[in-house]
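Visitor: Below you'll find the structure I mean.
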Amino acid sequence: MAETVHSPIVAFASMLSLLALCPPFVILLWFTRMVLLFRLQTFGFLWENGVKGLINIWPRPTAIAWKIIFCYGAFEAALQLLLPGKRVETDQFTRSDRWLYLSIIFMLYVYELSCILLFRFGIFNPAIVYDHLGAIFSALIFGCFIFCVLLYVKGHVAPSSSDSGSCGNLIIAFYWGMELYPRISKNFDIKIFTNCRFGMMSWAVLAITYCIKQYEINGRVSDSMLVNTILMLVMDIAHDRAGFYICWGCLVWVPSIYTSPGMYLVNHPVPLGTQLAIYILVAGILCIYINYDCDRQRQEFRRTNGKCSVWGKAPSKIVATYKTTASETKTSLLLTSGWWGLARHFHYVPEILSSFFWTVPALFSNFLPYFCVIYLTILLFDRAKRDDQSMGNIGSCTAKKCDTGLFLVVSVVFSVFVSFIMTGTSERLKTTS
């Protein structure tokens, strides 16, 4: 069995549980949000009706849903193939193959999001996507499962590179994937399409769709929806193979779970007031900037082989050794200055806080919009554990250099920001009363 962070039995049971439970969970969450309008009656419904009740509420994929998915997917594929981008090489952490990735430049992002505004000219009304979300999620669940099966078969019979292979266990190989860089022909990278083009861009597209739907219902867009949408529009795939975990996650989980705050605000507009809206927006943009700057510091450090300045001075670093999956011993430089000198995995802190700030426009009358924050926190803490194990001795070296724990940093920063928001909320409520 492949090496995992947890024991083989726990890892295998976890994968089986995720394969079995994630699809119905997406539908149950949709049912709670769209049909019950975020009223917490789903568990009572399931207790009374069981599996039969789940089958009855499961929306059937419709022709309109398939048409929307196909048109959107074709549009994304065309953008990936036809519009040029800067060519970037991936880091070599596995075997000898080094595929050239096309970076998604900001111009394409703006171009794509502008296309959805065609509803202003009556060409297309994106609110139809919101109206058919259940059928779309259902179609994505089944379609992406079949897609992952095809990726598994492709990894066996026609791998695109030597960065492929099975651990010998069908479930684990299907869950993690068979190939690191699966491609169709030479120019179409499947993982770039599923993760960056279809998956992550659907996040931004749905955010605007929810804005348009709220405008259609209420004749205006609330300031809370605007803050949520702006933060979503200004929001790691390199070492995960293309399997159920990464592909199904980006194609189904991201659009259905990460956009839940905007989905809540469609029918529950929250008047924040100018002052509180600006506070949340500025704090969210600051977290997003810090997240990007963390990545920028590390990329610049690696690009210059450590010969750069970080926060105005020469960076401190660790020269670490590691083994590839081919048992080759290599060396790598680890940055321990700047943001990376504050705490281990500090880059996860602004990422968690960003999710909090794109959710907090919903305020605190319902906890369901905060599911994404809770989920993302658990995911990133688990990923930090995976990172530490994969780094081996490097992780212990980094721990000695950066003795400020991630848990402490998250707790302190999160407490400060929550107190700040709660204070602003209290002042707004006092003013309105």
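In case you wondered, yes, glycine gets a Cβ from its N, Cα and C as well.
Just lifted these from TrEMBL, have a look:
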- 9-31: transmembrane segment (TRANSMEM)
- 99-121: transmembrane segment (TRANSMEM)
- 133-153: transmembrane segment (TRANSMEM)
- 242-260: transmembrane segment (TRANSMEM)
- 272-292: transmembrane segment (TRANSMEM)
- 332-350: transmembrane segment (TRANSMEM)
- 356-381: transmembrane segment (TRANSMEM)
- 402-423: transmembrane segment (TRANSMEM)
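Describe the structural context of these features.
Guide: Only residues 6 or more beyond the boundaries of the transmembrane segment (9-31), in the same chain, are considered here, and those with a CB under 8 A from a CB of the stretch are 1, 42, 46, 54, 57-59, 133-134, 137-138, 141, 145, 169, 171-172, 174-175, 244-245, 248, 252-253, 256-257, 260, 371.
Remote same-chain residues near the transmembrane segment (133-153) are listed as 23, 26-27, 30-31, 34, 58-62, 64-66, 68-69, 173-174, 177-179, 182, 190, 194, 242-244, 247-248, 251-252, 255-256, 263 (criterion: CB distance under 8 Å, separation of at least six residues from the stretch ends).
A Cβ distance under 8 Å defines the sequence-distant neighbours of the transmembrane segment (242-260), meaning residues of its chain 6+ beyond its ends; these are 18-19, 22-23, 26, 29-30, 33, 137, 140-141, 144-145, 147-148, 151-152, 173-182, 190-191, 194-195, 198-200, 202-203, 206-207, 210, 232, 368-369, 371-372, 375.
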